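Have a look at this one.
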Amino acid sequence: MTARRLVVNAIARVEGEGALRLVVDDGRVHTAELNIYEPPRFFEALLRGRAWTEPPDITARICGICPVAYQTSACNALEAACGAELDGPLADLRRLLYCGEWISSHALHIHLLHAPDFLGYPDGIAMAAGHREAVERGLALKKTGNALLELIGGRAIHPVNVRVGGFYSVPSRADLAPMRERLLGALDQAREVVRWVSGFDFPDHEVGHDLLSAREPGRYPIDRGTVVTSTGAEFPAAEFPEHVVERQVPHSTALHASLDGRRYLTGPLARYSLNSALLGPVAREAAAEAGLGTECRNPFRSIVVRAVEVVYAVEEAIRLIDGYERPDRPAVEITPRAGTGHGVSEAPRGLLYHRYTLDEAGLVTAAAIVPPTSQNQAAIEDDLCRLAGTRLDLGDDALALFCERVIRNHDPCISCATHFLDLTVIRR
Amino acid sequence: MSLPTLAVWKFASCDGCQLTLLDCEDELLALAGRVRIASFTEASSEVLPGPYDVSLVEGSITTPADERRIREVREQSRVLVTIGACATSGGIQALRNFGDVAEFAASVYASPEFISTLGTSTPISAHVPVDFELRGCPIDRHQLLETLGAFLAGRKPDLPDTSVCTECKRRGLTCVTVADGTPCLGPVTHAGCGALCPAHNRGCFGCFGPMAKPNTAALLPILRTCGMDEAAVGRVFATFNAAAPDFAAVSRERRS
Ligand code: SF4
Ligand code: SF4
Ligand code: SF4
């Protein structure tokens, strides 16, 4: 029995800071602990005493890569607390803004963070040397997503135009028209991306985790909905805390969540497997062409699912623009009241839950935020245990690289809990 | 001739400011041809050893380990530029400076004893000398490119230190305060965003932090006339640049 200690500085290409400790016992992985050591930022505590209008801007700063998710879940929760709901063009605009974030965030992850793993490059920029066309196409898609974010939200990172009840200003049909043309071009590019990534070499692996995502009647979940699970449960956002429980583990500043006492997965694989029937026609065709069934449980293939979701987001954005009529008012009237509201939406990385309690003056007295990363942490550790176990014959460097890939499959946003991964392998 | 090296470092932050670099889609590959990206963990698993010609630092200092790490980054960097409100003024997480961190930790974590953190969130300049500070939460893409270009060419960046109002006027926007009585921090906020909020019919909430020598005293009565009560005035100055001295002074007066 040999004892080896392996340390890799920095898990790259995830958002935030983390380290991984593997304990290998008698040729088997005994424990895998993903240590998320992004410094704690205490958002839930510092939201107390803020006005009901403020959480969308403040919680956006939890993550620069998916701020719209934070803004949307916050708005959903606060609107629920105040008994308001968006409909018609305002609801469409919120979904359209969110499509921009899906396009941009997924294109970033696919091209700059994830694809280099499959093609053997340290990063997307180095990958451009051998795959210039693909990288340029990815950047062009990302740019279209950002342009949509800027058009509706005012800014791609931390949009300024979002508020509880809707927006500060709303575009006219004419404002959206040039975007429609651009999205048509992006649709072709997005289909090309699906073809490109579906040709990668995927290790065989299927996960058995329970799955959880939002559900909206008749369409793929993005900006709101109820919560569904692979075990057949369906419940409103307000019951999320009864099913999902977070607990603290000593090795991480991110909390670990469980669903009815069990490990589970949220994010593209869960979303796709629970809702593939609800994709639009172009995305469905792209998924079929890429060889995805109605379900996908291979975390390495998450890159294909993300690419299909980009097709969907582009397709959906075009549909929303085609149906858009400028609303009379940029926001619905909100009257704050005492009470608690819950809200969910589908961040590119998975379901994001917010809860706020307001007092009569509309000040926040309590806030709770459950980001996708903390929900997925136990499932990622389980993947690491299983997958690393199949590769223990690898040398230290190669094993570390492989573990990083396993983690990047899930695109954990460590800033939302907080970007470095130290890998320690203790072999005994 | 070897290319100048660029490193990007992250402390307590949301990754939004370094993402701004990746958001320079049109310039990214061109930039990559002009500099050697030597360390950028968000984007690359390749890390070259220092020293580095230019370091961009995102995020604030909130842990004892980061207090040590920033000194190492400084030693390894010829030029050190902070990017964003976190690195430049402590960020949103500096709201802890006005509260009780032990209580914050206890309210968020069941076992706060596992959490290693400082009682404050401080800007990079509180720990090491900084060559240039780029404002904004997040920073502006064009300002970032100007700053990078300048330091790579060995000159100082040419960026305004006036207020958002000057940008608002230059764009020909209607003043939201004058037109609708909407409270706006534009008169005291550092230029850089191109007056985004007024362009969307919203008052500025100060995400670029205080301009050089802001006249906050002159703005306060206007904010009151626009309907903000003292608590609301305190809150608006206590956001993404809460610990910037000129803003902290206003919000501190209004804290009970
Ligand atoms: S300054 Fe704002 S955008 Fe930049 S890292 Fe900090 S929170 Fe994110
Ligand atoms: S809208 Fe705001 S930034 Fe623009 S001129 Fe008026 S006060 Fe200044
Ligand atoms: S107007 Fe003010 S709050 Fe809005 S983006 Fe510019 S600096 Fe930030």
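These residue numbers are counts, starting from 1, taken along the chain as shown.
Each Cβ is built from the backbone N, Cα and C atoms, and glycine gets one as well.
Note that TrEMBL annotation is computational and uncurated.
So TrEMBL says this about it:
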BINDING   A:Glu44, A:Ile369, A:His419  Mg(2+) binding site
BINDING   A:Cys63, A:Cys66, A:Cys413  Ni(2+) binding site
BINDING   A:Cys66, A:Cys416  Fe cation binding site
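In the displayed structure, how are the listed features positioned relative to their neighbours?
DSSP assigns A:Glu44 (Mg(2+) binding site) to a helix. Cβ neighbours within 10 Å of A:Glu44 (Mg(2+) binding site), excluding its own Cβ and spanning all shown chains: 19.
All protein chains included, A:Cys66 (Ni(2+) binding site) registers 29 other Cβ atoms within 10 Å of its own Cβ.
Reduced to three states, the DSSP call for A:Cys66 (Ni(2+) binding site) is coil.
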How many other Cβ atoms are found within 10 Å of the Cβ atom of A:Ile369 (Mg(2+) binding site), counting all protein chains shown?
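Its Cβ has 22 other Cβ atoms within 10 Å.
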Rounded to the nearest angstrom, how far is the Cα of A:Ile369 (Mg(2+) binding site) from the Cα of A:Cys66 (Ni(2+) binding site)?
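Cα-Cα distance, A:Cys66 (Ni(2+) binding site) to A:Ile369 (Mg(2+) binding site): 14 Å.
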Give me the Cα-Cα distance between A:Cys63 (Ni(2+) binding site) and A:Glu44 (Mg(2+) binding site), rounded to a whole Å.
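For A:Cys63 (Ni(2+) binding site) versus A:Glu44 (Mg(2+) binding site), the Cα atoms are 14 Å apart.
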Report, as a single number, how many Cβ atoms besides its own are within 10 Å of the Cβ of A:Cys63 (Ni(2+) binding site).
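The answer is 31.
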